[in-house]
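If you look up TrEMBL, you'll see B:21-44, B:56-77, B:98-117, B:129-151, B:163-182, B:194-212, B:233-251, B:263-282, B:294-318, B:324-343 marked as transmembrane segment.
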Amino acid sequence: MAIEVSDRAREWLHKQGGVATVRLSPRHGCCGGRADIAVAEARTPDAPKRYTRLEHDGVVLYIAPTLLDQDLTLDVEGFLGLRHLFVDGAPLSR
Amino acid sequence: MSTLQDSQSPSTSEGMGLFERFLSVWVALAIVIGVLLGQFAPAIPEALSRFEVAQVSIPVAILIWAMIFPMMAQIDFSAVLGVRRQPRGLIITTTVNWLIKPFTMFAIAWFFLTVVFQPLIPADLASQYLAGAILLGAAPCTAMVFVWSYLTRGDAAYTLVQVSLNDLIMLFAFAPIVVFLLDISNIQVPWDTVALSVVLYIVIPLTAGYLTRRTLIARHGSEWYDNVFMKRIGPVTPAGLILTLVLLFAFQGEVILEAPLHIVLIAVPLIVQTFLIFFIAYGWAKVWKVPHRVAAPGAMIGASNFFELAVAAAISLFGLQSGAALATVVGVLVEVPLMLALVRIANKTRHHFPEAEAPAEAKG
């Protein structure tokens, strides 16, 4: 597993409490069906025990087990109050 | 040609359940049930059609909201902030979706329905079918594309951004495009009627979806929202779709029984348009050396339609018994088989595209 946290993301996460969760979020198709998309959020997960906990340059990361074998990159985008964390590198899954 | 990369793509059975793989079968069954209902128990659709407020059928409006709201409730508009991440893919798909697709749909549907099939379709019905095709062409897919993207190993982040961007553009572009194309087709629809359908079937569900998402995530957290709330309301969309079709065909029974061939004739321009739009976007992506994981979902987003909105707008503008509503339903009938064919094409041609990003597509 290789997870990269950009300098911008690390700096931003430190201001937000230093914790990030990377998990799968389902998207439902209008004809039925579903695909899961990786999302990153600056918070502790609801059930931390279900995640793999990693420490990365002073940032605590909770990664969903199904995403552990991906080459993930955590970064931030947006501006002012709309700035948010995102994760790149994980394909859609099911 | 079968390649290693093809075998790495998820199979259809992995990506889609029984319901969605055989959607055409369920739509066909809904047509049969609806026609039978209209023929043998006409009191039911007649009674339902009496519940109207300001010429809006309340049962139909409820079914349409049931179709559209769950999709709107899963849109994460903050994803739009990622537009700089895959600029080439976003330029291609946005241009194809909004500056090319509505107009090719109009041109192809006009050519087939009013010229090629002129001896087979009465002129007034051809105009109605053309109106339905215009409504289908003016709204790109917003939800099912995640499944198509998964089946072609598409870029998740790009798909999310493109869908959010399309939803925002749709708010402002759907009505003007529809009115313009209906106008040049000599199909008169008052602006206020179009505006009402946009408010009812885009603005209200979109706002309700956004507020629901914000409120429930603030109260229960995003994991609860995704894994409990969306899990419950996600399947409401296809159920609402099938029930709407049953109701619609309860009113359309006479048309279907008198001219079943019309369904096939309407399908022809829709099929031609779907392939054309896919190849325009896919070819453009090839020329610009866009990675396959962006090119494939990008082309699919353009090719597939937001048919729930098209069905809703057709019913609202022209009525349940209209040819326009019938044409939009044919869109539903052919959608899944067509898109699965495009998934196969995209997976078989993966080796023609770069796997890695070009330098200009670097993360920003």
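Every residue gets a Cβ built from N, Cα and C, even glycine.
Against the transmembrane segment (B:194-212), stretch B:56-77 has more CB pairs under 8 A than any other of B:21-44, B:56-77, B:98-117, B:294-318, B:324-343. Within its own chain, the transmembrane segment (B:21-44) is flanked in space by residues 12-13, 238, 242, 245-254, 256-257, 329, 332-337, 340, which lie at least six positions past its ends and keep a Cβ under 8 Å from the stretch. Remark: the transmembrane segment (B:163-182) makes no contact with the transmembrane segment (B:324-343), by the rule of 3 or more CB pairs under 8 A. Same-chain neighbours of the transmembrane segment (B:263-282): 92-93, 96, 100-101, 104-105, 108-109, 111-113, 117, 120-121, 129, 132-133, 136-137, 256, 295-296, 298-300, 302-304, 326-327, 330-331, 333-334, 338-339, 342, 345-346, 349, counting only residues six or more beyond its ends whose CB sits under 8 Å from a CB of the stretch.
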